[in-house]
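Undergrad: Take this structure, written in structure tokens, and hold onto it; I'll ask about it next.
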Amino acid sequence: MGHSNVWNSHPKNYGAGSRVCRVCGNSHGLIRKYGLMCCRQCFRSDAKDIGFIKYR
């Protein structure tokens, strides 16, 4: 196996790397609460469409 084939060759079934945003595919800043599976940037842009209301 060459050097370029080593990275991401092992399947990720658990941990932070296994979960990605359903909108953009990003794995950083993921909101999993209520089954959103959405990163915080996508949540800010789509929160009103989902039904979340900002009180402050």
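Just so you know, glycine gets a Cβ as well, placed from its N, Cα and C.
From Swiss-Prot, here are the annotated features:
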{"type": "BINDING", "residues": "C21, C24, C39, C42", "note": "Zn(2+) binding site"}
Undergrad: Which state, by DSSP, holds C24 (Zn(2+) binding site): helix, strand or coil?
TA: coil
Undergrad: Enumerate the residues of the same chain, C21, C24, C39, C42 excluded, that satisfy the criterion Cβ within 8 A of the mean position of the Cβ atoms of the recorded Zn(2+) site; list them in sequence order.
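TA: Close Cβ neighbours, site residues excluded: V20, R22, V23, G25, N26, L30, C38, R40, Q41, F43.
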Undergrad: In sequence order, which residues at least six apart in the same chain have a CB under 8 Å from the CB of C21 (Zn(2+) binding site)?
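TA: The answer is S27, L30, M37, C38, C39, C42.
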Undergrad: Taking 10 A as the limit, how many CB atoms besides its own sit near the CB of C24 (Zn(2+) binding site)?
TA: 11
